Protein chains: 2
Amino acid sequence: MARLKPLSGFPEFLPQGQMVENHVTHILEQTFELHGFAPIHTRAVETMESLTRKGEIDKEVYVVNRLHAEPGEKPNPNDHLGLHFDLTVPFARYVLENSGHLSFPFRRYQIQKVWRGERPQEGRYREFTQADIDIVGSETLAEHHDIEAPLVMLEALERLHTELGFPTVTMHVNNRKLSEGFYRGLGIEEPAAVLQRVDKYDKIGPAAVKELLTGELGLSDEVADKCVALAGICTSDSSFIEQVRDFGVHNDMLEEGLYSLNRVVGAVNREVPGRMVADLKIARGLDYYTGTVYETMLSGHESMGSVSSGGRYDSLASDGKHTYPGVGISLGLTRLLAPMIGKGSIAASRSVPSAVLVAVNTEDDREVSQHIARQLRSRGVPCEVAPKADKFGKQIRYADRRSIPFVWFPGSVHDGVRGDDEVKDIRSGEQVVARADSWNPPAADLWPTVVGTW
Amino acid sequence: MARLKPLSGFPEFLPQGQMVENHVTHILEQTFELHGFAPIHTRAVETMESLTRKGEIDKEVYVVNRLHAEPGEKPNPNDHLGLHFDLTVPFARYVLENSGHLSFPFRRYQIQKVWRGERPQEGRYREFTQADIDIVGSETLAEHHDIEAPLVMLEALERLHTELGFPTVTMHVNNRKLSEGFYRGLGIEEPAAVLQRVDKYDKIGPAAVKELLTGELGLSDEVADKCVALAGICTSDSSFIEQVRDFGVHNDMLEEGLYSLNRVVGAVNREVPGRMVADLKIARGLDYYTGTVYETMLSGHESMGSVSSGGRYDSLASDGKHTYPGVGISLGLTRLLAPMIGKGSIAASRSVPSAVLVAVNTEDDREVSQHIARQLRSRGVPCEVAPKADKFGKQIRYADRRSIPFVWFPGSVHDGVRGDDEVKDIRSGEQVVARADSWNPPAADLWPTVVGTW
């Protein structure tokens, strides 16, 4: 095999990094399950029809083909497959496919890889893990779920903050009805086109957005100014309502959006004060959102962009007869973790799960060491047996290279009697007599821990 | 969206089935980590060069292409990608790519999906989950790891037996050196061709194998008979050695294989009696195995074929300068679980994690119920709040449909004072006064349990 280089955009971790991802995944799973979200996985592929039906041309799809498809094979439409680019489209398909077997409202979480065939030169991820929660109803879904979904995700992110030292977050929320109603109230006929351009506010700034609105969409200076000014409104309380009303724009959909956004921001901040702001420039690129939309910034790392986004989609899952409206939020796990793991700023405390290396006196005594290891494991102590009956100094170095804290020395045999076992803490050098059927490492050393500095 | 049918070969589970897969995955992870195996994930794609270099033309590969690759884009060889068909080839590549950052022997486990573009009509899985353990050394790897790998996998399978009622297993082991040495001792020059045909022994029977050997390979009747007779040897102790010796075939590689196989079967059976047999027809289709090979049968379900297979590969991971010999075993998780989950023979005890549904008195009181739920969760009790302030009978039916065992009724307010909360076990009907800051469900009800009948 030739020299190998990592594939750009497909991050992989060393074990100490993988343990971080696993640990964070475990925190997310636990939080979601405490809130009654059930786990599902969906297949990696969807039909191209399903992946492209919402006009998602900017999400570059990876097409999947069988290498050995026979020439005579019937062109089965199910064989036009692509890798999913998010977990929402597959979830909507799953709900339609299984609606007869699910109880609604249906609450699920899903932590899986997704793929996007981004241009290679941009250094963006082509494979990454997302953690999604969604709630879907049958025909209707009460608005309080727009409050519940962000509260669950904020609780998960709060645990990452308190338990692992991640920065705190602020969730920025808008309601598409508010923006669309405002644009319509200004006489704009294609609000979606305005929304798309306002979505670039953070990236290109208000002046450039205004230029797009006047240049590309032909809006008047005055109308464009109002659209840009609306996007500039960001408040942590209900004062955004007054600021919007000051424009003097009247529209029913605008009122609906104002009411709904106020309800969400108020309820979330009553439960977790200071974690949510009404931010009227939030638009979300995806076409399927119809109401509340969420983005989440890491305090002090706003330039990373949103690490957790989502929204309400009232018609994504529909088979013509039945509609399953939903609301959900997705956490970009790889986006959140990969840069830190890559820099080594966060890692597990050792590169193996083992708390103990059981030394081997001679190769003939290997089964003695295996027996000790089995006793330790039966009481939940992770351990491994030294691969070679080297001199003890070399066996200790084997443990040290992996940051295994303890080395176990089986008692040596004299006149057919095995002496006492001893265990050494190789950090302090302390060595004590120990029995494999009762000794335990300190709780803090039992499993690798995750430590990081942001 | 048109009517949806599941894609053949891409199994997906309802939540109660997904919880089974998650539970089994957790048992596997825990077992592997207790033995010091570190977790890694590899990307889903490999270069086509890497996927096809071992002549794996019969593993049908899914090719992956960007939908929007620009016409002018440079044809980067890294863009000829396919989905991995196992976890061993990606692991070998990972080891080469990261060898400078790993400590050898390196022990890892990996639980991920793999893809095979099988012919659709065969009803085989095109996407399935494998759980692999491997140990690789740098330049050399001691033979005792050929004993360790099956012991770890057998321990995991034993837990599935004792904890979840899965059938017991028997691991069938051979050594390729034994077979190849025997064939060479008979004067056969292309032992690999014989091995490939002997691999079909279980599927087509000894007579048909003999026909292939005489017909396709032109072996004499006598030589073919001996090859078939060798494949028929299967013993639970070292008596296979005598049976092989009785053929009077002499070859150094054969002796090496006999010695090594005897050592593995003896050591494993000393630790877990009756779980391993020497079975000289085991060949494994994959080209990269060079020594010990393993297959595992479920007792009473032998027709399913092997649920856990692997072997020793001495030269899979090599960059020309350095070689990383390894031994590993893969468990076919989907193969093991999907038929049972599909039939509903094994399922979680409820379709949601929630142990408690907190009822809602009126929509205005929703935050009271949310507060109760928060208190329960803070003490680790999974719960959800009723989606609608329906009549209590309807809220109880919501819990019942999901097999949530408890419904919590917040005390109603009289003259500004909230009365006692009560919690009802909806299975027995028993209802008691309870406080959200102290009540706990019985331990057996806290989380869904997995129950099955094989």
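Every residue, even glycine, has its Cβ placed from backbone N, Cα and C.
DSSP gives B:ARG284 (L-histidine binding site) a coil state; it is part of no helix or strand. Sequence-distant neighbours of B:ARG284 (L-histidine binding site) (same chain, 6+ apart, CB under 8 A from its CB) are B:ASP199, B:VAL293, B:GLU295, B:SER309, B:GLY311. Taken from TrEMBL, the feature L-histidine binding site covers B:ASP86, B:LEU87, B:THR88, B:ARG116, B:GLN130, B:ASP134, B:ARG284, B:TYR288, B:TYR289.
Here TrEMBL flags B:105-353 as domain 'Aminoacyl-transfer RNA synthetases class-II family profile'.
DSSP assigns B:THR88 (L-histidine binding site) to a helical segment in the three-state reduction.
Neighbour density at the Cβ, taken as the number of other Cβ atoms within 10 Å, is lowest among the binding-site residues B:THR88, B:GLN130 for B:GLN130. In the shown protein chains, 18 other C-beta atoms lie within 10 A of the C-beta of B:ASP86 (L-histidine binding site). Averaged over the domain 'Aminoacyl-transfer RNA synthetases class-II family profile' (B:105-353), the predicted model has a pLDDT of 94.
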